[in-house]
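The structure appears below as structure tokens.
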Amino acid sequence: MRRNLSHIIAAAFNEPLLLEPAYARVFFCALGREMGAASLSVPQQQVQFDAPGMLAETDEYMAGGKRPARVYRVVNGIAVLPVTGTLVHRLGGMRPFSGMTGYDGIVACLQQAMADSQVRGVLLDIDSPGGQAAGAFDCADMIYRLRQQKPVWALCNDTACSAAMLLASACSRRLVTQTSRIGSIGVMMSHVSYAGHLAQAGVDITLIYSGAHKVDGNQFEALPAEVRQDMQQRIDAARRMFAEKVAMYTGLSVDAVTGTEAAVFEGQSGIEAGLADELINASDAISVMATALNSNVRGGTMPQLTATEAAAQENQRVMGILTCQEAKGREQLATMLAGQQGMSVEQARAILAAAAPQQPVASTQSEADRIMVCEEANGREQLAATLAAMPEMTVEKARPILAASPQADAGPSLRDQIMALDEAKGAEAQAEQLAACPGMTVESARAVLAAGSGKAEPVSASTTAMFEHFMANHSPAAVQGGVAQTSADGDADVKMLMAMP
């Protein structure tokens, strides 16, 4: 149905207009099409447009670098996308309305911002208690995918719970305010029964159906135990998926996420739980993000993770793989997966679960450990670490090489240097374990101790041994250290190493 454009027609015809001629042609082509005009004549330019020509003229103008209207505001190169109210699937709008925000609208806005040359980053301004599970996981995956193109940050202002927490976790960085509420990583389902009310009213409803589960959960009868059990299994699976997504996006372990037991964290406690990165005033969010982006453009680094935080997350990832339930009986494969950069705990668990358990071995001590503790390694720890890291090296091959190498000058042992670190104070037990790790260096120990300061958790002897074995085989510092020590006296050792198969 043609729109009523009488007010525009009245202003456009028989009235003086201040229009540039080329744009005037486009304007009247567009208006003529809306009026149902079959043609447009411009005598001064000797141009005649028929109906298809009017459409082509309008389309050509719109395609000539004219971007579609934005559905977000841009401040300092930051596109601010509001995410408020209940989150729903297929709302059909790009802006929140009637207390709801659609997952489809969030994705559409993000895609538009990614294509907008004036947008350097996106800030999701979130104030939502959550919403539907339907569509939530796909939306979160899209946020995670699009953040590879431009930074996407989340501001919890002041609530980002449940489904909103899922979306926030998919962002590059999460900001919280002093009174923010974040978390609630869990799933719920409700059932209503009108059976008692109908009985009192004398109403009897008979459901006629085909298929044993066709009317499961209907509101006309009390919930049967077997149906309740099925529903419980469904929400347990959904919670597991929820936790795995948050863990993948944030770098936390699944156990750490599920360990929150759907608790809600306020302000600083959200950061301590690993669900947020920085506490700010909501009014400063845009300037904080813009400053970070400016720093990155100038060659600085995005203040997303300090070196200590990065080391802590990497250690958590490694230990999450080595100590997960699926790694039992598959320790060798778990160690290999832990050494793969970017391998998440969830991905490793899936691979381990599909793999057959490895055959048990007679000894739990690795060949690398045997090389490091042999008598000939005393005073030659760096060379021993180099040998221990070599494929197919055995203690029998290493001993004559170590014996032929001169011992290092007497000085503080690696253990003494590590134990003397400031970071070792209050963490002596962990420092002792690090000092015993094959291939460990003072700087590596310092970083690990700093990352674990005040947060170390007791681990079993088998877990410690497994972690030490991983460090022995995946520490580049050990190999570099061995090479760096080659001098005139060590040339023979290097030549002997190079000649080995």
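Glycine residues also receive a Cβ, built from the backbone N, Cα and C atoms like all the rest.
Positions annotated as active site, nucleophile by Swiss-Prot: Ser162. If you look up Swiss-Prot, you'll see Lys214 marked as active site, proton donor/acceptor. Among the features that Swiss-Prot reports, region '3 X 38 AA repeats' is placed at 321-455. Look at Swiss-Prot and you will find 321-358 tagged as repeat 'TRI 1'. What Swiss-Prot lists as repeat 'TRI 2' is 371-417. The repeat 'TRI 3' feature in Swiss-Prot is assigned to 418-455.
It is 29 Å from the Cα atom of Lys214 (active site, proton donor/acceptor) to that of Ser162 (active site, nucleophile). Within 10 Å of the Cβ of Lys214 (active site, proton donor/acceptor) there are 10 other Cβ atoms, across all protein chains. The Cβ neighbour count for Ser162 (active site, nucleophile), using a 10 Å radius and every protein chain shown, is 24. Residue counts of the repeat 'TRI 1' (321-358) by helix, strand and coil are 23 helix, 0 strand, 15 coil (DSSP-based). Mapped onto DSSP helix, strand and coil, the repeat 'TRI 2' (371-417) counts 28 helix, 0 strand, 19 coil. Following the DSSP three-state reduction, the secondary structure of Lys214 (active site, proton donor/acceptor) is coil. The residue listed as 'active site, nucleophile' falls outside any helix or strand according to DSSP and counts as coil.
On the 0 to 100 pLDDT scale, the repeat 'TRI 3' (418-455) averages 74 in the predicted structure.
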